[in-house]
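A.B. asks: Copied straight from Swiss-Prot:
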- HIS17, HIS19, HIS197, ASP278: Zn(2+) binding site (BINDING)
- GLU200: active site, proton donor (ACT_SITE)
- HIS221: site 'Important for catalytic activity' (SITE)
- ASP279: substrate binding site (BINDING)
Amino acid sequence: MKRPYDALMPLPKAELHLHIEGTLEPELAFALAARNGVSLPYADEDALREAYRFADLQSFLNLYYELMAVLRTERDFEDLADAYLARAAAQGVRHAEIFFDPQAHLARGVEMGTVVEGLWRALGASRENHGVSTRLILCFLRDESAESAMRTLDAAGPYLDRITGVGLDSAEVGHPPVKFREVYEAAAALGLRRVAHAGEEGPPAYVVEALDVLGVERIDHGLRSVEDPALVERLVRERVPLTLCPLSNVRLRTVDTLADHPLPAMLDAGLMCTVNSDDPAYFGGYAGDNFDAVRQALGLTGERLRELARNSFLASFLEDDEELRARYLAEVEAYRFPAA
């Protein structure tokens, strides 16, 4: 008989909060470094894996940007995305909406086309190769200037047929959403969907700004929304999805332990929560691992897990393929958890 953990892997789910650069496992990092003649300041894969034991968001971001140096060519980005999609498919992911950080690559002299075309080689073949449908979301770095974000959006112009939406990530505190008002207005005029990280380390007021100023359709993280009852009421009323990342929350010390995570209370309040992996190579788990972690730590029932899976497809940007979304939702409802 399958263990409960095994049962969560085939549970159909969508991943809506995933940074492709955050899927760079040590093995691939060293392989790409060797391919491109890049010297890494780590003796071997084990030493690099040990470096993944960071203490806070900033130390994580420092390592995250440092390792991007191995990503140079279209093939590198294709291999990165394909490796993620294979792992995601093995953990029941049927649809993935993938973030990428072009500013970090442009600053290294890697052109927008290299990044997008490389990623698209993997994403475009993902349905056939892995059974996973995909969308691509361009993220702006909030600790860079709004002018840099606008230049990045302009550089993406030739590739907008590959890009579904825009997002906002990186260090949150001190960089309120309002800083990017004009960029998001420009993205909206281009017909791009809009999401933003808010309420992870930043206050609930950032969530309100993301909704009212940036016009976002989903809140990435949004964990601190629970501190503002009026905001919770609004999120429930407007059915605004929250893309939570439980293992990330623990590693970045947003919560002390998984047992302290407010996910059950958020679901009880009627919030439309989803479970995602964020930067799984760094945070110790992919989508199915996050589902299992909250099951074990929070005692979530099969029906609660089904609700999370259902929410993930309902919150996805699959409006252009409602037939596919309906098929995925039917798979969620048809799934049967093995008896304990």
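If you go along the chain as it appears here, the first residue is 1 and each next one adds 1.
Note: Cβ is positioned from N, Cα and C throughout, glycine not excepted.
Tell me about the setting of these features in this model.
C.D. replies: Taking Cβ-Cβ distances under 8 Å and a sequence separation of 6 or more, the neighbours of ASP278 (Zn(2+) binding site) in its chain are HIS17, LEU18, HIS19, GLY22, CYS245, LEU247, SER248. DSSP assigns ASP278 (Zn(2+) binding site) to a strand.
The C-beta environment of GLU200 (active site, proton donor), restricted to residues of the same chain at least 6 apart in sequence and closer than 8 Å, consists of GLU172, ASP220, HIS221, GLY222, LEU223, ARG224, ASN249, LEU252, THR254.
Under DSSP, HIS221 (site 'Important for catalytic activity') is assigned to a strand (E or B) in the three-state scheme.
Neighbours of ASP279 (substrate binding site), defined as other CB atoms within 10 A of its CB across all chains, total 25.
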A.B. asks: List the other residues in this chain whose Cβ sits within 8 Å of the Cβ centroid of the Zn(2+) site residues HIS17, HIS19, HIS197, ASP278, in sequence order.
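C.D. replies: Going along the sequence, the neighbours come out as LEU18, GLY22, PHE99, ASP169, ASP220, HIS221, THR243, CYS245, SER248, ASN276, ASP279.
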A.B. asks: For HIS197 (Zn(2+) binding site), which residues of its chain lie six or more apart in sequence with Cβ-Cβ distance below 8 Å?
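C.D. replies: Spatial neighbours, sequence-distant, of HIS197 (Zn(2+) binding site): ARG142, GLY167, LEU168, ASP169, SER170, GLU172, ASP220, HIS221.
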A.B. asks: Out of these recorded positions, HIS17, HIS19, HIS221, which one has the fewest other C-beta atoms within 10 Å of its own C-beta?
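C.D. replies: With the recorded positions HIS17, HIS19, HIS221, fewest surrounding Cβ atoms within 10 Å: HIS19.
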